[in-house]
């Protein structure tokens, strides 16, 4: 077991065979060393007690019942002050049964077996270090290929190099006759190797420092190489450079952590504690078991068969031994990661066995389910719904959830204000939903941020801080613009609520994790708070033109303009002096969101038009020298000195409302920045015309 105060971090790395043996082996008071599992048995079919030397043996893993040995001679737990009691008859430690949760065993394999994670997981660590194709190594591991001279520094008698297939007729005629003679086992193992033994010998022969230096020199040569002029050639060079970089990094990690590469080939296989792979007895003597037990049994069966073949190697055909080595490799692969890049092993009901990797990975794996997915105090969970009326940094917290999360703070407020004499009275008042409870709760949440988290938390924006607002119902109200960081939508997604308790956590939530401080992507720098889906539809409906078109209801610039002007009766378009007049008329229902109007605009403006040098549709003159130039989207009032007195733009009520909201948002965000008012009318090909240019045009 790991002491959580003494050890503050956990590192997962390769274990050496000696370390695996130290995990499992222990010396009993009678001098016997136990820990090795040699039999594929689990429980006796009648008594349901662990079998001897099996996967549940009490002598190896500890007693099933606390303080009770197999023979029943002792039935008491040893005291902590005394030496651990030990049954001399059956050899079981008289300790608590919880020890079966972390006491391990091991299986001594008859042949080296490669670890499937480091061979078949992409990118393959073994293939990267040995600088060989992965398919070639897989064929070698499964005994489809043989390698000659696996250890380079030793002398050889055969002039063999590289790989060859045992299935070739020439090799099948020569090698059985040559290697079947007695006394040639050492010579045979030195000259020719296959399976995990061949991989292990090549890894032992590696010099990591020379591998790093050689890879670095090759990388420098590739960096000096000029472009080939073709995409395929450039991609090939880049792939080779990436491969060399991975090889250098991998070699560096092995050197820094003092891990030997040959540890990626297993000679001892750890056996998990029985409580992590249980067998449970149901009614009427029926047993259900973990899939790991069946996979362990298959490994032991095949390993024991290989041991028998090797013990009778003089009379056992060489091909049968090689085939059995392949079966042992496949059994260990299925135990560690069943079905990786191949067909998985299945039970009698055609269901794939759950391997060690399946128990660790995934949403229901050991890490996410038991270590990362623990229940946390001061947390809750509910469905999210849209809250468009909320500010960006606020969220709607259901009253029922808020009173549970902040109950301790409310109780402290009640007792501190002498509204409740003790804890029990305060809880009674909370259950009674007294009006003062909600007032105190409102005061508490105004000064206390909360954290919202949506699983899976793939980046730091998966957890953001918000200022809560009490809402009715049972759903969390969330502003739609913050959904991009959470990758959330409102089709039934759930989010977790956490209350930061310490002062440091609250300061971090306010200064770093508040949603309005995380509007840009930390990876790309692009904005995250972008309107989408229903927001775009709403903006489109708000700013859309009327059925006749905002640009065509008064004037038309088509080729048949004169005929159009004669036959068309101009509607009366209202004039407004400012935003306030538009708001009042809209509230009094004199105009609607799509009504066209003339709005007085500032003269120090910047405007976008669709025509580079647009000519006025109509010019009106007064006796005082004032003229009115009417364009497609705006009209100008110009005095006798050719100066612009006033400007009216043709727009809609919806666009006025939208522009005002954008203007208020910009002023609230950038109060100190000076800006020029901008009105967006026209299409994408519009250009900017400033008031200075217009004044110069009319002078």
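Going from the start of the chain as shown, residues are counted 1 onward.
Placed from the backbone N, Cα and C atoms, the Cβ positions cover glycine too.
Here the structure is a predicted model, which means the values were calculated and not measured.
According to Swiss-Prot, the features are:
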| type | residues | note |
| --- | --- | --- |
| BINDING | 69, 71, 87, 90 | Zn(2+) binding site |
| BINDING | 489, 491, 493 | Mg(2+) binding site |
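Mapped onto three states, the DSSP output places residue 493 (Mg(2+) binding site) in coil.
Checked against residue 489 (Mg(2+) binding site), the binding-site residues 69, 71, 87, 90 differ in C-alpha distance, with 69 being the nearest. Sparsest Cβ environment among the binding-site residues 489, 491, 493 (other Cβ atoms counted within 10 Å): 491. In terms of local Cβ density within 10 Å, 90 ranks first among the binding-site residues 71, 90. Most other Cβ atoms within 10 A: among the binding-site residues 69, 87, that distinction falls to 69. On the backbone, the CA of residue 71 (Zn(2+) binding site) and the CA of residue 493 (Mg(2+) binding site) stand 56 Å apart. The two recorded residues, residue 491 (Mg(2+) binding site) and residue 69 (Zn(2+) binding site), show a Cα separation of 57 Å.
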